[in-house]
């Protein structure tokens, strides 16, 4: 076998073999005819041990029987030395020593002399390579391609060797970095040890000086002792004991004095810091209180700008099984800012088949346009509705009476708006649970500013002008004759319901339990408008009391959430049967109380001297939540069905009249 060649010589030979090949012009005919070759010539052309390369018209014979160069695992000594020198300049002496050691352990590869391009390599076995005929261009091309493939393989081998060298260099660099880090760590430790050694030397010097001092004192004492020993040995021993005790006492005294001085300085510093912190805390509390008062003032001003009495309109969606309303029955025109603004207008079309033109054609439907503070289309969610009244509900914490009631015919979605849907779905929760959750959350935030709040809930219904407690349990359940509306104290304007339960609440679960109990106790009946119709007014009242003990401030106000009974006229809501007279009486009582509610709002708007609160139990109970010191909001709920157009039109007209009323500026109940 041939000796292994040096990698540099192999690379040089490969570069010489990669010279571009210049093909001689072909003399074959252009008709595409091919020359036939003999089998022995084909075997010569495919022989793997030999190839012919034609460069500039001359053929160079190259033997390929030499074995492939193995992967390079070591570099020549001169090359390793130069690499180590370059690395040592960058990474320091330790890394250069490591790289030199690695290069030293690798075995050098013997160099193989490079053949000149013009010379012919020695033949194996003494045989001369057979020449291909000049007309065998295809064989020559095969030889050239085979030689090119071997050159590419050799180049790939050299690339792998180069990659291995680069990996070795990278490993050496990483080892150099690690050694540099270790060197810096050892230098830091050395500096620490030196500092400790210097400190120890200083302490040693102090101890030596102390020893010298003590030795001097000892020598002095010994001289005195020797003199006193001559006079009296007993006095000398006693003096020594007293002297040692005195030294110990003095040392303890000095230590105590130093500790006392340090403690006094620390106490003085802490007192100064405490005084500064107390002053800063007082200043921050004053500023926070001022900001809270300003927030309440601006909040109330914003609510006043929106109006102390506002009207929202909500259209319920079409339920499964109900007929689809004709297009154009209800329209929701865009606001002044375009479709992005919340709708505030509603158009209702009404057609009368009994009327007609002279030609017999039906009269075109009449369109009625209404404008409110906000209109909620059928697709509005419960959280969107509550978002509009959240700030109004928060006014109750600031001491302003707030009253929110739902008005509309039976089956228009009043109870769903106030209490929510069945099943306990959080997405379907009504205004009552959402309002109380919001109040609990805001009260918790204000507790950090010194405010403490308490909440007391009551839930009653007014059925046929009789007040019933919806939170009654046991034998009192369903009894309404015992409940009467009275003043809480003589001379007080606060109203209370006698024999009704007032339950303190502090969390959402307690409120959910009260609502569940009230749903079971409320008076409902089947009507022509709805399978389960509320035949009474339900009034949920939350008495809020707030106190700021450090400033001596108190505030209190009721939050009233009212679900009114159906406002339909007598004929549509009547159910024929044994209870016809009872249904008639219920409807008369409902319409009478709703009419009184409208008269009270009109009287308040006209600033009349007499407001007929006592004409109805409903208005009498809500007297403190309807006056000039209260904020009021009415939801008018309407049905999207064409068969309910007449009742929807009546509800919208009533709500439009209420929306035109203006009540005086609200006043907070503060002490």
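Note that the numbers count up from 1, one per residue, in the order the chain is shown.
Heads up, the Cβ atoms here are built off N, Cα and C, so glycines get one too.
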Among 225-273, 274-322, 323-371, TrEMBL lists region 'Disordered' at 323-371
Which one, from the binding-site residues 408, 411, 413, has the smallest tally of other C-beta atoms lying within 10 Å of its C-beta? 413
How many other Cβ atoms sit within 10 Å of the Cβ of residue 409 (ATP binding site)? 25
